[in-house]
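Report on the following structure.
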Amino acid sequence: MRVVLVGPPGAGKGTQAQFIASHLSIPKISTGDIFRANVSGGTELGKLAKEYMDRGDLVPDEVTVAMVRDRLSHDDAQEGFLLDGFPRNVPQAEVLKKMLAEFGTSLDVVLNLVVDDDEVVRRLAGRRTCRSCGKVWHVLFDPPAVEGVCDACGGELFQRDDDREETIRHRLEVYQEQTAPLISFYADEGIVQGVDATGPVEEVTQRAMAALRRFAE
Ligand code: ADP
Ligand code: ADP
């Protein structure tokens, strides 16, 4: 299955992506994670991306698209994938469509995680990310057993530079202006499923899996 997850920053895309991808046995491909790995690794791509990420702006399309093209050509993505954070605007969606057409395929479903702005701010303000394995925690909603330490791998938890209040506000504007129009783009193709992303993580996963099953039938 070829799935795209969309939703505002903090909607729970990364959190849900790991469960959905594992249920479907497909790779989770997160452009934010790939960029952050390049930033920590000090690569040229990372240096370029960091400037945009710190401001809460989108990394230029040609850079992002080349990175996704490369990732989608790997063996593990040939039978399906879950894209988290890509596409992020209509031009990226158009390129993705062409890219998949070159491979002789197309997207099956776009899951739209729906939460309001207040909840997004609460989620982003308390988000903590593991420096070693990338797993995401929340200081109130999903705290690790020991503060600042990842339960999964023992790594150090940190707060993302772009989860500061003024950057969060800008990212929400970028979402409204550039990413939200994707919903009608994909609605025109008849492949959008809205998922209520409020409530406990497991319930959101169940709703997402139910929506995917409706599409698989
Ligand atoms: P969140 O899940 O909080 O929205 P992500 O981890 O998906 O954040 O993305 C973090 C940052 O990485 C974005 O603000 C942007 O700068 C960059 N980024 C991620 N995906 C894309 C993309 N598809 N196009 C352009 N920039 C991207
Ligand atoms: P996104 O990838 O969409 O930016 P994340 O998956 O990183 O979102 O989640 C943002 C924050 O919200 C994280 O701290 C995560 O632990 C928390 N979170 C995710 N889903 C829920 C939920 N259903 N209820 C409460 N907090 C959640």
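Cβ coordinates are placed from backbone N, Cα and C, and glycine is handled just like the others.
In TrEMBL this protein carries:
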type: BINDING; residues: G10, A11, G12, K13, G14, T15, R127, G199; note: ATP binding site
type: REGION; residues: 30-59; note: region 'NMP'
type: BINDING; residues: T31, R36, D57, L58, V59, G85, F86, P87, R88, Q92, R160, R171; note: AMP binding site
type: REGION; residues: 126-163; note: region 'LID'
type: DOMAIN; residues: 127-162; note: domain 'Adenylate kinase active site lid'
type: BINDING; residues: C130, C133, C150, C153; note: Zn(2+) binding site
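Feature map: annotations from TrEMBL on the structure.
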| residue | record | Cβ contacts under 8 Å, 6 or more apart |
| --- | --- | --- |
| G10 | ATP binding site | V115, E119, V120, V121, R123, L124, R127, I168 |
| K13 | ATP binding site | L5, V6, G7, S30, D84, G85, L113 |
| T15 | ATP binding site | V136, D142, V201 |
| T31 | AMP binding site | T64, M67, V68, L83, D84, G85, F86, R88 |
| D57 | AMP binding site | H170, V174 |
| V59 | AMP binding site | F35, L48, A49, Y52, M53 |
| C150 | Zn(2+) binding site | C130, S132, C133, K135, W137, P144, E156, L157 |
| C153 | Zn(2+) binding site | C130, S132, C133, K135 |
In the same chain, who gets a Cβ under 8 Å from the region 'LID' (126-163) while lying at least 6 residues past its ends? 10, 14-15, 18, 33, 36-37, 40, 53-54, 56, 171, 201
If you tally other C-beta atoms within 10 angstroms for each of the binding-site residues G12, G14, G199, the top scorer is G12
Within the chain of R160 (AMP binding site), which residues six or more apart in sequence place their C-beta under 8 angstroms from its C-beta? R36, R127, T129
Count the residues of the region 'LID' (126-163) that DSSP assigns to helix (H, G, I), to strand (E, B) and to coil, and report the three numbers in that order. 3 helix, 12 strand, 23 coil
Would you identify which of the binding-site residues A11, C130 has the most other C-beta atoms lying within 10 angstroms of its C-beta? A11
Relative to ligand 1, which of the binding-site residues A11, T31, V59, F86, R88, R160 have a Cβ found under 6 Å from one of its atoms? T31, V59, F86, R88
Using DSSP and collapsing to three states, where does K13 (ATP binding site) fall: helix, strand or coil? helix
Just give the helix, strand and coil counts over the region 'NMP' (30-59), going by DSSP. 23 helix, 1 strand, 6 coil
